[in-house]
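One structure below.
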Amino acid sequence: MNNDVISPEFDENGRPLRRIRSFVRRQGRLTKGQQHALDHYWPVMGVEYRAEPLDLVALFGRDAPVTLEIGFGMGSSLVEMAKTNPQQNFLGIEVHSPGVGACLSAAHEEGVENLRVMCHDAVEVLEKMIPDGSLHMVQLFFPDPWHKARHNKRRIVQVPFAQLVLRKLQPGGVFHMATDWEPYAEHMLEVMSSVEGYENLSPTQDYVPRPASRPVTKFEQRGHRLGHGVWDLMFGRVK
């Protein structure tokens, strides 16, 4: 597995370009199980970054709806969704290799075959590898909220990102977001409502109840016990 999660970019004079990232690379130590999974299961389920469009039918060996999840953490929810929906294809992106290893291990243990994973910057993957109009759904669950005002620009949900996702969705495809930080939920709602080509799938034009398709994470369960809220947003690409 290539450990370069960001491709270097340069201006016309050869100077490195600085791009605002929505994540900080925190490489924790791999457990033996995670390393074993990367060594043995990555060749089957892993996808290396290349700056060229993916053939999604060839990647999965069939033509089926593709759900892309950005930042799957340790992968338990993603594996559960893939197992529950064998008629769909799932592609997960995560920049932290321990999470990728944990996801691969869980997928192997559950016998999941309709899942592929990447370890790279999701924005670059969307820009370079995902064909326009190819995705059934894009999922972004509990991204870093970047609480401090001076860091708000690092939030992944911004107008250019929403427009990028829109291009990659099929007509009628859905961008599903969830956050447990209300100011970020409000920010998401404001951004998404401003981008032409989306429709808010909430009857009240704000948030939706958690759909059954999104498993409740352990982190979320703990938050519920502490009285914390969670906000789900679903925006569809206008047909």
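Glycine is no exception: its Cβ is also placed from the backbone N, Cα and C atoms.
Residues or ranges marked as active site in Swiss-Prot: Asp144. In this structure, Asp144 (active site) belongs to neither helix nor strand by DSSP; it is coil.
Under the heading S-adenosyl-L-methionine binding site, Swiss-Prot lists Glu69, Glu94, Asp121, Asp144. Summarising the environment of Glu94 (S-adenosyl-L-methionine binding site), the number of other Cβ atoms within 10 Å of its Cβ, over all protein chains shown, is 26.
Listed in sequence order, Gly73, Ser76, Ser77, Phe141, Phe142 are the same-chain residues at least 6 apart in sequence whose CB falls under 8 Å from the CB of Thr217 (substrate binding site). Look at Swiss-Prot and you will find Lys148, Asp180, Thr217, Lys218, Phe219, Glu220 tagged as substrate binding site.
Per Swiss-Prot, region 'Interaction with RNA' is recorded for 150-155.
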Query raised in the report: To the nearest whole angstrom, what is the C-alpha distance linking Glu69 (S-adenosyl-L-methionine binding site) and Asp144 (active site)?
Result: 15
Query raised in the report: Hey, how far is Phe219 (substrate binding site) from Asp144 (active site), Cα to Cα, in Å?
Result: 14
Query raised in the report: What count of other C-beta atoms do you get within 10 angstroms of the C-beta of Lys148 (substrate binding site), across all chains shown?
Result: 8
